[in-house]
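Undergrad: There's a structure below that I have some questions on.
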Amino acid sequence: MGDLLTFKAGKVRYDETTKRATPLAGKGLVTVAHHEEDATFVSLVWERRGPGAVDSHDGSEETEREELLLFPGDAQWVHCKKCTTGRVFALKFKSSGDRLLFWLQEDNGQAEPGTLSAADNEISAVLNSLLNVLEENDGNDIVMEDKTGENTAALEDTLSTTNTGISIPILSITDALPISSFVAHIRSLPEQALKPYYDLMPETFEHTRENLIKVIQTPQFFSSVDTLSSVFRDSAGIGSLVASQLGYPYQGEGIEGFLNGARESGLRESENDRVAKDQEDVMEE
Amino acid sequence: MSNSTGWNTIESDAGVFTELIEKFGVSDIECQELLSIDANSFDDIQPLFGLIFLFKYRKNDEENMKNEKPKLGRYVTEADLESWGFTKDERRLFFSSQTIQNACATQAILSVLLNNVNTIGEKNLGEELFSFYQFTEQFPPDLIGEAVSNSFNIRMAHNSFSRPVPFLDEEEEERRRKEAEKKLGDDDENDGLFHFVAYVPIGGRLFEFDGLKQGAIYHGAFDVSKSRNLPYEKQKETTSNRNTEPNIESDNNGLLSLSQLIESTLQARISLSPSSELRFNVLALTRDKRNILKETGASEYEINQEKAKRELWTKENSLRRENFLGLIFKLVKDVSAGIDNQNEWQQSVLEKGRAKSLERYNKNRRYF
């Protein structure tokens, strides 16, 4: 998948304890694209442009390339209006309350260094639409150091971490039902209930409980569960196809739809078994 | 998968390669992984038909690898073959250019097998590969590469080791694979590409077959009488009384053994690598150990050990082919139906699952 957005921006270091933000001298480039492995995420990559510069603050080397995986709806690109010596933006995360700061290095064609150009606003609009941001936040709560690092100003305490409790969907089947829950289930079953499971094992394995557990614990099994998870994540609208092929009542899209549908099907089966057993009992009486 | 023309990636593993070779219709050949690259390890492989050296490289090293002129050894010329006194059979060095990244494991295996047509023999090589060998006799390297990637049977054998993705139609699967291939091509981070190179002893000399290069590369002669691991006596006879010239790697006092020459060649290759931490793997092609044990009257214990190794390979390969859809669905269905309280299901499974996903997602964000 191609890049969706690129712009020049440097990093800004934010110190939690002193609450100070320091723009780093290096030239950088931000590239935003859909994540290659998992289209649920938007990938934001910062990388150095041109020859390496060194952090003016403590002389340590900056990293050459950073990749962030962003979940749409969680991150937001916000202009820090209090900074007038440069155009500083914060990437704010609803889920963790973290903020990552950048300073724009695109030519703004303005006399005032802190003034946004039409192109800057365009970047914000495109990026926020990629990140699925609905409401606008003015980012007035961040105070910047000067680029020279001399005229420092304290950051307001609003930078402290707050968790706003954003919810994201289940991204992997094993997040809800870990492999250990499958193993515990197999261990709990009486031997005669294992037969239908044995029939689903690769033919090369002898039909024993321990082999069944061994198979469930292989990396190949785990990666198959992962692949199935990715089918639900990446292929919008596949839920009903899967439901009809596996024969469970459709309960919506995504992994949650699959889990709810599979459970519903399992509940109906055990209900049928119970009814059948009751009838048997009645016949016997 | 069955109708598409693509090549899937396969794991480079001795068990996978052995079964793949058998699927080509070859008999009495197996693959062994080498844990170290010293002469003693190579000596233990008897007979040694050749090696597959596989390593990960970064995209920006690719231009280096495609260099016209090899950094180690030199291209074989017609004049070389003349002066070495190679027989008519030996003169045909089977070299195919790499046309498809994902096919390169299979290409390296073919480089070892089809440069051993005499030592393996037509019968053990099997009809499929022997006719392919004959079919491509007059082909230049790029056309041989095309012939490999277009061979239906070879591709089917190769692709049989990957697991089908459930619910995706062929188009979607093809799209995913192309994306994965493109990602490999685009690689600019740490993942890198795997590349497979074959090293084969022919007529008392060591050759390298690297599909990214222009042709077979010569790495010098070795002392046949000192080499204990040449495939079959036949080759020893034909090469021992030939003129040998001093080795590139050794002084005039004598030639290295095959194993020593391989060791020094691989060491030099590794030290040349632009990335200091070259990740590599070496696999050797030899005879089916079970047959050797039978012929030499080995102990019951040894034979059983070999049997167990084969059984393990079969099991591992069957796991590689499974997508476990049936088993996953049954487990999910039964485990979740076991939680019949709706509230408990919402809280301890779905809610917990979302939290876990969120946690993993937050962990994936790295910065500054």
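The backbone N, Cα and C atoms fix where each Cβ goes, glycine too.
Those TrEMBL annotations? Automatic predictions, nothing curated.
Copied straight from TrEMBL:
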{"type": "ACT_SITE", "residues": "B:Cys104", "note": "active site, nucleophile"}
{"type": "COMPBIAS", "residues": "B:174-185", "note": "compositional bias 'Basic and acidic residues'"}
{"type": "COMPBIAS", "residues": "B:240-252", "note": "compositional bias 'Polar residues'"}
{"type": "DOMAIN", "residues": "B:6-287", "note": "domain 'UCH catalytic'"}
{"type": "REGION", "residues": "B:166-186", "note": "region 'Disordered'"}
{"type": "REGION", "residues": "B:229-252", "note": "region 'Disordered'"}
{"type": "SITE", "residues": "B:Gln98", "note": "site 'Transition state stabilizer'"}
{"type": "SITE", "residues": "B:Asp210", "note": "site 'Important for enzyme activity'"}
Undergrad: To the nearest Å, how far is the Cα of B:Cys104 (active site, nucleophile) from the Cα of B:Gln98 (site 'Transition state stabilizer')?
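TA: Cα-Cα, rounded: 6 Å.
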Undergrad: Helix, strand or coil at B:Gln98 (site 'Transition state stabilizer'), per DSSP?
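TA: DSSP call for B:Gln98 (site 'Transition state stabilizer'): coil, neither helix nor strand.
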Undergrad: Would you count the other C-beta atoms found within 10 angstroms of the C-beta of B:Asp210 (site 'Important for enzyme activity') for me?
TA: 25
Undergrad: Between B:Gln98, B:Cys104, which of the recorded positions has the fewest other CB atoms within 10 angstroms in the structure shown?
TA: B:Gln98
Undergrad: Quick one: Cα separation, B:Gln98 (site 'Transition state stabilizer') versus B:Asp210 (site 'Important for enzyme activity'), in Å?
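TA: A Cα-Cα distance of 8 Å.
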